[in-house]
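Notes follow the structure.
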Amino acid sequence: MSQPAFDSHSAPRQASVARMSAAGLRAFFNIARDWELTIDEQIVLLGSPGRSTFFKWKAAPESARLPRDTLERLSLLLGIYKALQILLPQPAAADTWVKRPNDAAPFGGKRALDRMLAGNVGDLVAVRQYLDAMRGGWA
């Protein structure tokens, strides 16, 4: 019986996913603290992993190997956070923006957090695009 060929790209890819997972989760939990998110809100923003998985990630982010969907969500959330820090240099204003009602088109009078909690990656993309447009003067 022959053995499978060694995939020289597999080990670096796994190490990279591990590093991205750990760094992304550490940043996310700091954002969740700044935004005063509930556990349930955090779980939804991460793509609704099981509660036990969520608490494992929180307790030991360095051992997490996140799926692509969760890594994408983390990337979008980090971009949203960064855009808010640029647009609203006062930390309190930046951190409370997601919880304030917003009449802009993507939000329809609801909070940006409500849009992000709809559970779809596309909703995170919409918030990120809105903030990027604000930063670029397009909104």
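Cβ coordinates are placed from backbone N, Cα and C, and glycine is handled just like the others.
Note that the structure is a prediction, hence the values are computed from the model and not measured.
Pulled from TrEMBL, these are the features on record:
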type   : residues : note
DOMAIN : 19-79    : domain 'Antitoxin Xre-like helix-turn-helix'
DOMAIN : 83-137   : domain 'Antitoxin Xre/MbcA/ParS-like toxin-binding'
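Helix, strand and coil content of the domain 'Antitoxin Xre/MbcA/ParS-like toxin-binding' (83-137), in residues and according to DSSP, is 35 helix, 2 strand, 18 coil. Confidence across the domain 'Antitoxin Xre-like helix-turn-helix' (19-79), taken as the mean pLDDT and rounded to a whole number, stands at 98.
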